[in-house]
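These come from TrEMBL:
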type    : residues : note
DOMAIN  : 33-419   : domain 'Amidohydrolase-related'
MOD_RES : K132     : N6-carboxylysine
Amino acid sequence: MADVYVEDGIIVAVNPNFRVGDDVTVIDATGKYVLPGGIDPHTHLDMDVGFTATVDDFFSGQAAALAGGTTMHIDFVIPLNGSLTAGFDDYEKKAKKSCMDYGFHMAITKWDETVSREMELMVKEKGINSFKFFMAYKGILMINDELLLKGFKKCKSLGAVAMVHAENGDAVYEGQQKMIELGITGPEGHALSRPAVLEGEATARAIRLADFVNTPLYVVHVMSIDAMEEIAKARKSGQRVIGEPIASGLALDESWLWHPDFDIAAKYVMSPPIRKRGHDKALQAALSTGVLQLVGTDHCAFNSTQKARGIDDFRKMPNGVNGIEERMHLVWDIMVESGQISVTDYVRITSTECAKIFNIYPRKGAILPGSDADIIILNPNSSFEMSAKSHHSRLDTNVYEGRRGKGKIEVTIVGGRVVWENNELKVTPGTGRYIQMPPYSYLFDGLDKKDAIYLNSLQAPVKRAKAST
Ligand code: URP
Ligand code: ZN
Ligand code: ZN
Ligand code: ZN
């Protein structure tokens with residue numbers, strides 16, 4: 001047990017019985033947990049999908065995050081025309097209204113010399129140390145294996161983490177055609193068209209290609225046993241593979257997609273799809289045993305009107321579910337309150353591990369002298385309730401509608417400012433900062449040794465006499 005003293009947004013001291021003068025604000029956390037604020041490694045705020053954009057922008061999405069104990073997030077810059085520089089500039093502008101710190105991953109959706117050079121610029125000058133490759137969304141974002149290999153090699157040369165959205169996009173396309181031919185046009189068709197085997201296949205392929213290149217791989221939104229087992233196998237063999245389950249995959253099952261009310265079913269449409277019951281429990285177990293390392297949300301908020309675009313054809317529906325505000329409570333409830341993990345593990349999977357992977361530890365993800373004062377107070381004896389009526393996202397729906405549980409985040413402090421207390425949010429646009437993330441996180445430690453062993457193992461070419469015919 002200790003007191004935490006904060007000055008000018010930085011943690012200055014952590015020790016028992018710290019004495020302060022009357023001019024210092026004191027928050028009594030007796031009987032509660034004082035923890036590092038959550039870091040959400042996977043969000044989509046103000047994301048333009050061509051025909052519409054997510055309802056949560058960098059202000060509303062972050063306000064929601066803060067009300068739920070998340071004090072930093074890493075968003076995906078998805079450059080619509082493929083230009084990384086233009087994409088970065090666009091997101092830099094969108095993020096000006098931020099009320100908490102944020103970082104960026106960047107998606108690579110095509111390949112040429114310009115993209116390759118721009119990746120270098122992003123890492124060396126813009127503070128990006130991770131790139132996402134889409135193995136699905138054929139004809140829109142998907143890249144083939146040749147480009148995946150080129151991208152992985154480039155990531156390795158820059159000390160950047162390669163990330164994949166792992167679903168076999170060609171097979172998903174086939175699956176979708178089949179559903180439409182069968183007349184299955186509703187939200188259930190979304191799940192039926194892209195089964196877990198397709199996630200398992202792409203995960204296995206990405207893992208093997210990353211092994212071939214000898215570069216770390218981060219699998220985003222792990223939704224199935226199929227994908228998780230591939231990650232388990234690779235990690236057992238010593239490969240640097242990180243698996244990120246997301247809140248919806250841990251907490252929900254696909255049955256909602258069969259709900260007779262279209263509006264209800266539609267809110268659960270995301271990719272890869274939420275799976276059958278059983279996958280959720282298996283992902284939780286994998287998280288508790290260290291097979292999977294950290295939890296994101298893939299928060300990607302489209303309201304009922306936007307979802308209704310797909311009323312006659314699930315392929316036209318914008319994909320995504322909420323979670324940025326719910327993640328910290330869900331993980332506490334599902335993992336800690338249930339007895340599956342300790343409070344220490346909770347901090348690791350919701351905050352510290354993310355900071356380490358993206359190389360911003362211990363500035364983030366820790367309560368240590370010198371760390372940013374991003375702190376939450378969680379009361380294990382108080383309860384939370386989730387609803388579109390009370391949440392802070394702009395979404396008119398919530399995939400966790402009516403969910404209750406024990407363990408409530410009562411206070412959120414971001415950059416030394418108390419922004420969430422007594423169920424009240426006090427946030428100011430423009431107070432969040434862009435956090436540059438340097439390359440070569442711990443995932444790269446010792447990788448060159450494996451390269452050297454490989455080179456040594458190669459034998460000199462076999463000398464053969466010239467064929468004489
Ligand atoms: O359905 C989802 N996940 N939408 C967001 C984009 C992505 O693939 O992460
Ligand atoms: Zn994705
Ligand atoms: Zn995503
Ligand atoms: Zn409120």
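Backbone N, Cα and C atoms are what each Cβ position is placed from, and that goes for glycine too.
Every protein chain shown contributes to the tally, and the Cβ of K132 (N6-carboxylysine) ends up with 22 other Cβ atoms within 10 Å. For the domain 'Amidohydrolase-related' (33-419), the mean pLDDT of the prediction comes to 98.
In the three-state DSSP reading, the residue listed as 'N6-carboxylysine' counts as strand.
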